[in-house]
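Novice: Quick one: the structure is below, questions incoming.
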Amino acid sequence: MFVETRLVTLFKQNWQHTLTYWSVFFSFGLCIAFLGPTILDLKCQTNSTLQEITWVFFSQQICLLIGSSIGGVFKKTLLSALSALFLSSLLISLIFAIIPLCYNVLQLAIAMAVSGLSMGIIDTIANIQLVALYKKDSAIFLQALHFFIGFGALVSPLIADPFLTEHCHSINSTENEAIMHHFRHSLAGLRSPVLLNRSGEHSGGVTEQSSVSYAFWIMALINLPVPIAVFVLMYCKKLIPCCTPGLLDKNELAMQTNTTEAQEQEAGGTDKTRTGHGDVFSCCVNGNLRELPASFFGIHILGGLVLFMTDGIVGAYAGFAYTYAVTSPMSLNAKTAGYLPCIFWAAITGGRLISIPLAYRFRPVYLLVFSQVGVIVTVLLLLIFYTSSIFLFVGTCLLGLFLSSIFPCMLAYTEDVLDYKGCATTVIVTCAGMGEMVLQVVVGSIIQTEGSYSFLLCGMIAGCIGFVLFFGLMLCHYFHRNYIRVSCSLSMSHMTAHRSGGNEGKFFFPSCFLYTATTHSLLLQWYDIDMKIYIIKFPRR
């Protein structure tokens with residue numbers, strides 16, 4: 001079979017959870033992609049200037065970053081995680097519904113801030129929950145998860161297309177229409193795969209209630225099944241207070257609880273050794289910080305910085321590819337250049353779909369090396385053939401393909417190294433969002449002062465820095481692995497010396513090692529000559 005039976009069995013066991021998390025990422029993509037195509041309509045609706053409307057985009061991005069940072073708070077229990085996903089996805093539908101009622105910039109900025117906060121929470125929780133479900137097999141499911149961002153981002157501009165208006169008679173109607181046309185292309189929205197060109201299709205002015213309102217209401221209805229799906233999952237898992245389990249269910253639950261507790265007592269473990277995803281930032285509790293090796297912090301920091309660079313390239317290229325194409329030396333016409341963001345985001349969406357079978361065949365570290373080398377080579381070729389409009393389109397497609405799988409692969413790689421504790425997911429999602437926001441601002445400022453050619457130079461520099469940081473990450477992984485091995489060796493020696501006095505003639509040998517990053521203890525499973533099992537916990541000295 002193309003896919004192992006074990007993975008199929010895992011999916012069958014967790015299909016409802018998996019499909020629900022995929023659906024909330026569809027909401028994420030649906031919400032993040034509508035801003036670029038509808039910018040002129042929103043500007044006219046709020047009677048605002050170009051400078052004022054940019055704060056609406058900034059409010060969404062900064063709150064998305066905040067939501068990504070605080071999303072880990074809701075991972076403590078399944079009830080809190082699903083409740084946060086339900087409220088966030090429901091808020092997205094409500095925001096879509098009330099956007100047509102926002103007639104000034106402040107109201108629209110507040111609405112976008114709430115949507116950004118919801119999107120950030122969705123981004124963190126869905127990644128954490130999926131990693132917690134599949135652990136070492138999570139790479140293939142993470143690739144599918146991030147494909148649904150592209151799918152949602154593909155749908156929303158298509159819905160908005162028939163309702164867009166290029167001309168309006170507002171208090172700012174004297175503003176240069178060419179600037180707005182350019183601004184619509186350059187702010188196509190992070191991760192948005194479609195950009196629309198509708199110059200001159202509507203020559204009349206807009207009325208008080210623009211027809212684009214129908215697009216937002218349609219998107220609100222399309223998104224509504226997502227919170228319903230989350231609610232159904234909560235109902236099926238008996239997490240809703242009004243749906244208490246029956247007497248038989250309670251007895252079965254008690255039996256399962258007693259069995260689990262007995263197994264934990266046999267293993268010599270306590271509740272504290274199994275916090276994992278249960279505690280909020282349990283790996284960063286002050287009592288544990290002193291016991292953590294330096295490699296543990298290095299993996300978090302370097303993994304986040306790699307995605308800061310690569311996701312920053314995604315945001316910068318999506319924002320300024322159009323600007324680069326219409327200026328010298330490329331000097332393409334606006335309609336032709338408008339296809340660049342379309343190709344870029346379509347390549348990212350298609351690349352994530354292609355990465356699903358690749359994640360099954362290859363380890364995440366190999367895909368990361370291949371993707372980052374591909375990014376550097378592609379940007380280098382774009383620099384060499386900077387006058388070729390044909391290669392600009394080819395290079396844009398290749399760049400989107402190489403960038404597409406870096407985020408989910410990095411997430412799978414770091415969580416695998418750190419034994420799936422969940423802290424890496426929060427750090428990585430936050431750093432990725434920060435990179436998308438910061439590098440886009442930095443690159444835009446450099447282009448304004450140094451010219452459009454600096455756009456590709458910035459991408460090359462960011463790609464090289466990200467690749468160097470990734471080598472540092474692999475070095476930290478090497479040290480972290482050696483640290484665990486040394487701890488195992490010391491504990492084995494201690495165990496043999498401890499038991500040799502009363503067990504002459506019996507030879508102990510290890511069968512399983514488990515290092516827990518949250519408590520920094522080593523659980524060793526041993527067999528003696530009579531195949532009797534010993535499971536002993538050794539705290540790190």
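Glycine is treated like the rest: Cβ placed from N, Cα and C.
In TrEMBL, annotation is done automatically, which means it is predicted and not curated.
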Novice: Could you tell me which of the ranges 52-74, 167-189 is annotated in TrEMBL as transmembrane segment?
Specialist: 52-74
Novice: Where, among 81-99, 140-160, 338-358, 390-413, do we find the most CB pairs under 8 A to the transmembrane segment (214-236)?
Specialist: 81-99
Novice: Between the transmembrane segment (390-413) and the transmembrane segment (296-318), are there three or more CB pairs that fall under 8 A, provided the residues in each pair are separated by 6 or more in sequence?
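Specialist: By the criterion, they touch.
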Novice: Can you name the far-off residues of the same chain, 6+ from the ends of the transmembrane segment (81-99), with a Cβ under 8 Å from a Cβ of it?
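Specialist: For the transmembrane segment (81-99), the list is 20-21, 24, 27, 30-31, 42, 71, 74-75, 108, 111-112, 114-115, 117-119, 121-122, 125-126, 128-129, 213, 216-217, 219-221, 223-224, 226-227, 230-231, 233-234, 237, 239.
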